[in-house]
Amino acid sequence: MLKHDTIAAIATPPGEGSIAVVRLSGPQAIVIADRIFSGSVASFASHTIHLGQVIFEETLIDQALLLLMRSPRSFTGEDVVEFQCHGGFFACSQILDALIALGARPALPGEFSQRAFLNGKIDLVQAEAIQNLIVAENIDAFRIAQTHFQGNFSKKIQEIHTLIIEALAFLEVLADFPEEEQPDLLVPQEKIQNALHIVEDFISSFDEGQRLAQGTSLILAGKPNVGKSSLLNALLQKNRAIVTHIPGTTRDILEEQWLLQGKRIRLLDTAGQRTTDNDIEKEGIERALSAMEEADGILWVIDATQPLEDLPKILFTKPSFLLWNKADLTPPPFLDTSLPQFAISAKTGEGLTQVKQALIQWMQKQEAGKTSKVFLVSSRHHMILQEVARCLKEAQQNLYLQPPEIIALELREALHSIGMLSGKEVTESILGEIFSKFCIGK
């Protein structure tokens, strides 16, 4: 990537829409825009919007709004011009072609964000958060990405960096004055411990952050032929699972994504629980039991028209809901239990609204206050912080056993890893790998 050239790209998704945005950034952005816009772009003040015509080679392309943001007060830190034209394919494509013909280069994926990073407008954590905002598949993932983009994670990383620097400075003073027989190491010990506490807090949040980003897992379980697959289809409002009256039809775990009021749920349909001599069905039942243990919650489906068998003990070890299916045929004999129970019909939809409301309330209660804290969701961040924790633990354990110079080496290694996180120590190849995942125009 050449930092001194000017790049251009369409910043909105392709297809029909009310408007499309073409973005231009670089030292020649204003000069190039001035050559195709009817107004005098060079004379426009920064952060102003102007209505005019886009004309190239004496041909009118479109009437558009032009937004000008002069360096350094722009997202990339460079001169930025955006054309807001009519949506669809042709207007924005012709504007982009004109900009390229006049000297702009087609932007690479994520290149606008990469320039923002290289110009110090955002750090690498914030740059990665931009991509996570775009690809978020539920409201929790979006909010977590938002906390990262707002700099909350970066502030904690800076706090860790400062604590390590302060501990390192103290140790370097001791190394310069070795005549001190019994140096007081309480100060670096406290700094290292505080830094390690923050790092370990983030590491421990990784699994929960992943769960929030990926969605809550709910498993549909129960005896064979109670209507689990019919219920899956009813909740998804589409025929996803095969429904028959033959017990044991479902053998593999069937997973579907279900978006419920912005909450992403991984809905799993499993084999019915029964004793069988069929080896393939046995394997499906074993997988279902394993999935029940790993799931966040269980929807245990019961046939209200059949005699009730004992409930499995696992229902009382994690959030579980009893769904009495076929309630359109007979009133269900509710149990005297603490588990929430619902009379439903996968066939008519009876009771499904109440089930959805209960699931939403349960998830909101489970996640109350969680998305306001900073979670670790990136595997890259997780791996780096594990290395930081290792270095800090080594320094902590050897603080009274090794010379200050040896402890300082561990702390410098921790600082290097912190730099990999923020982007201060990152290599060109890693940057390329990160930003290549972005869409063009971002």
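Placement of Cβ uses the backbone N, Cα and C atoms for every residue, glycine included.
The (6S)-5-formyl-5,6,7,8-tetrahydrofolate binding site annotation in Swiss-Prot covers R23, E82, K121, K442, and the record cites sequence analysis as its basis. The annotation GTP binding site is assigned in Swiss-Prot to 225-230, 244-250, 269-272, 325-328 on the grounds of sequence analysis. The K(+) binding site annotation in Swiss-Prot covers N225, T244, I246, T249. Taken from Swiss-Prot, the feature Mg(2+) binding site applies to S229, T250, supported by sequence analysis. The domain 'TrmE-type G' annotation in Swiss-Prot covers 215-364.
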Separation of alpha carbons, E82 ((6S)-5-formyl-5,6,7,8-tetrahydrofolate binding site) and K326 (GTP binding site) (Å): 58
C-alpha spacing of N225 (GTP binding site) relative to E82 ((6S)-5-formyl-5,6,7,8-tetrahydrofolate binding site), in angstrom: 59
Count of other CB atoms lying within 10 Å of the CB belonging to N225 (GTP binding site): 20
DSSP-derived class (H/G/I helix, E/B strand, else coil) of K228 (GTP binding site): helix
Spatial separation of N225 (GTP binding site) from K442 ((6S)-5-formyl-5,6,7,8-tetrahydrofolate binding site) - C-alpha basis, Å: 50
R23 ((6S)-5-formyl-5,6,7,8-tetrahydrofolate binding site): secondary structure state under DSSP, collapsed to three categories: strand
PLDDT averaged over the residues of the domain 'TrmE-type G' (215-364): 80
K228 (GTP binding site) to R23 ((6S)-5-formyl-5,6,7,8-tetrahydrofolate binding site) - Cα separation in whole Å: 50
K442 ((6S)-5-formyl-5,6,7,8-tetrahydrofolate binding site), number of other Cβ atoms within 10 Å: 21
Residue pair K121 ((6S)-5-formyl-5,6,7,8-tetrahydrofolate binding site), S229 (Mg(2+) binding site) - Cα distance, angstrom, rounded: 51
